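Visitor: One structure is given below, represented as structure tokens, and several questions about it will come after.
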Amino acid sequence: MADGFSLNDALSGSGHPPNQGWPGPWGNQPAGPGGYPGAAYPGAYPGHAPGAYPGQAPPGPYPGPGAHGAYPGQPGGPGAYPSPGQPSGAGAYPGASPYSASAGPLPVPYDLPLPGGVMPRMLITIVGTVKPNANRLALDFKRGNDVAFHFNPRFNENNRRVIVCNTKVDNNWGREERQTTFPFEIGKPFKIQVLVEPDHFKVAVNDAHLLQYNHRMRNLKEINKLGISGDIQLTSASHAMI
């Protein structure tokens, strides 16, 4: 199965010191006064840093003019992403077509448009907080009424916590894939990142790789909407190319 980078490579950067001017690798954020490390707004997950899968180093130089793959928000030249929370300017970052970021609180359920569908190296980031007495939450990558990728953490299924992944075509659900590793906590903030690869979705939660789900729908360009639902307070939803 093809893969743009191995999981070991993706997670190998966690011990490197942070680059100047941008938050360091996830999990190594210095604490900011009065808030979570790296939190840019109330409800942001600790160390919220869009634009990189956990531990992934930027593929290009840092961050010279027009450097391909430079971290978003760096003063490397025109067209770079703005810093988190700042408005975008003219000349979007090359390859970031499209980039969408909505800062909350957002209504739930919430639909995030994915114009042009999903594609390899697209990174979707969802930030929020699990509500007290939560039962479930769900991400649904949709093609019309079909669901290409259903990501469904369940907090109490027969007194167990489990994550269920599946695909729905013509109103018929396929074979469930279940994950017992459960990184979500009642009342706690979370960050979900979904990285699209040629053959699969990678999912990371709270800065750590969680699971991989092989594509069951092969035409990725038809997957043009992400539905977010469940017992959460939704702070932000965004997508970008990395």
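Backbone N, Cα and C atoms are what each Cβ position is placed from, and that goes for glycine too.
Feature table excerpt (Swiss-Prot):
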type	residues	note
BINDING	Trp173, Gly174, Arg175, Glu176, Glu177, Arg178, Gln179, Thr180, Thr181	beta-D-galactoside binding site
COMPBIAS	17-31	compositional bias 'Low complexity'
COMPBIAS	80-93	compositional bias 'Low complexity'
DOMAIN	110-240	domain 'Galectin'
MOD_RES	Ala2	N-acetylalanine
REGION	1-35	region 'Disordered'
REGION	55-93	region 'Disordered'
REPEAT	44-52	repeat '2'
REPEAT	71-80	repeat '5'
REPEAT	93-98	repeat '7'
MOTIF	218-233	motif 'Nuclear export signal'
Visitor: Please list residues from the chain of Trp173 (beta-D-galactoside binding site) whose Cβ is under 8 angstroms from its Cβ, counting only those at least six apart in sequence.
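Guide: The answer is Asn166, Thr167.
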Visitor: Under 8 Å between C-beta atoms and at least six residues away from its ends: which parts of the chain pack against the motif 'Nuclear export signal' (218-233)?
Guide: 43, 104-105, 108-120, 124, 126, 128-131, 133-144, 148-149, 155, 196, 239
Visitor: Counting across all protein chains shown, how many other Cβ atoms sit within 10 Å of the Cβ of Arg175 (beta-D-galactoside binding site)?
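Guide: Step by step: centre on the Cβ of Arg175 (beta-D-galactoside binding site), count other Cβ atoms within 10 Å, giving 8.
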Visitor: Within 10 Å of each Cβ, count the other Cβ atoms, then let me know which of the binding-site residues Gln179, Thr181 comes out lowest.
Guide: Thr181
Visitor: According to DSSP, collapsed to three classes, what secondary structure does Thr181 (beta-D-galactoside binding site) have?
Guide: coil
